[in-house]
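Undergrad: My questions all concern the structure below.
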């Protein structure tokens, strides 16, 4: 069988019928798999010497989370270098990247493979891979026919990447206008929750607003900060990271704002702080809720006026810094308890983002597992690391209280265990290789983190916030003022006075 004009026209029509790029990509490879009667097809994007799966058909779901480096996959490297159709013989010594990843045939090797590099002009932007268990499957199709398919796919991918680039505001003022693929930030996931988060990141990235990123421990808040920075006009300048929880009080101010020689014992020279390092760029303050009230006041001044003072220096320095902050605490409760400044909270949370916990991300668990499996494979020098069907079900049924970080550690541990019990360099992860426990402390929900009262000014915002927290405390404590005061960690007399001022009691 060979391609007819009708078949090629059908493929082109399918590319136009999809709603959104992802749907078009999926239609393309599904149609190709049917036309070619092969066992698996995949559309991959090329970036930084690796191929990133965009859509698959006939392959295990975790393939979408894997990142295939050229160094780790000789067949994909051959496709990237070829510039034309690549046919791998059935007896090729080069391992297939999808060995063990075709459902129902995990123990069998892929026999026939065709690779089609995709170009935008002279730039490699991706590849189509076609795999079959029958060695002669692709012999009836000529190279010219396969080139036509590659041209259709390359056009669709090139247009999609260009639109993505424009939508993400990567065509910045003063840029050359040359097409450049978007750099990946490893925010892996196709669930509705992650899709919504990515949309919100796109919305806020092009602005200069401060962003407060909330979410449970281990959800990937730092990746969100990186994604915002890389998609912003400040991407050409530094993204500076500071973990506020790891700062001793004695050096915290110096870390943030710098110091001059002789400012304190041990200050043997002038030193720039994180704000100076991030000038014209972005400063990411992780665990912002751990800062002392004194430092919060100084941070607020920087956000308000854009100037800093080094420790021991009376002069002010102007800085242009965008601040991204992250926390796993409910800062509204921290404000009411007097541990976090209300004015700073509202300054930071101009555009709040909430990173969903892994248990709310559905099949993203499997995609992330595939990503970590591929990392382990490269790190340990293994030929392949795959998940058994039972292991996939086990991962999907678990609650993941430690979120993505727990999944990463679980995969790494399982690979080590599986490798120890099986000879050779091929590892299959089974259910028994995972020892999972769901003991975890509660964390704030998306609703509690994102809810901000509508208001006209900071004072009104603060009073509305305090009023709502007092109402909640009273409702939860049967309107017992003493119990409510204890819950809010304040004196009952002060609570009465505050409630009276806010109009909650006569």
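Every residue, even glycine, has its Cβ placed from backbone N, Cα and C.
Summarising the annotation, Swiss-Prot assigns DNA-binding region to 481-500. Residues or ranges marked as ATP binding site by Swiss-Prot on the basis of sequence analysis: 215-222, 278-287. What Swiss-Prot lists as domain 'Sigma-54 factor interaction' is 187-416. Summarising the annotation, Swiss-Prot assigns 4-aspartylphosphate to 57 and lists sequence analysis as the type of evidence.
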Undergrad: Determine the mean pLDDT over the DNA-binding region (481-500), rounding to the nearest whole number.
TA: 80
Undergrad: Sort out the sequence-distant neighbours of residue 282 (ATP binding site) for me: same chain, 6+ apart, CB within less than 8 Å of its CB, listed by position.
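TA: Result: 225, 228, 229, 232, 234, 237, 238, 239, 240, 321, 322, 323, 324.
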Undergrad: Helix, strand or coil by DSSP: which one applies to residue 221 (ATP binding site)?
TA: helix
Undergrad: Report the same-chain neighbours of residue 221 (ATP binding site): residues 6+ apart in sequence with Cβ closer than 8 Å to its Cβ, ordered by sequence.
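TA: In sequence order, the residues whose Cβ lies under 8 Å from that of residue 221 (ATP binding site) (at least 6 apart) are 213, 214, 215, 286, 326, 328, 355.
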Undergrad: Give the sequence-ordered list of residues that share a chain with residue 279 (ATP binding site), lie 6 or more positions from it, and have CB atoms under 8 Å from its CB.
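TA: Those within reach of residue 279 (ATP binding site), by Cβ under 8 Å and sequence separation of 6 or more, are 237, 319, 320, 321.
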Undergrad: With DSSP as the reference, give the number of residues of the DNA-binding region (481-500) in helix, strand and coil.
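TA: Counts, helix then strand then coil: 16 helix, 0 strand, 4 coil.
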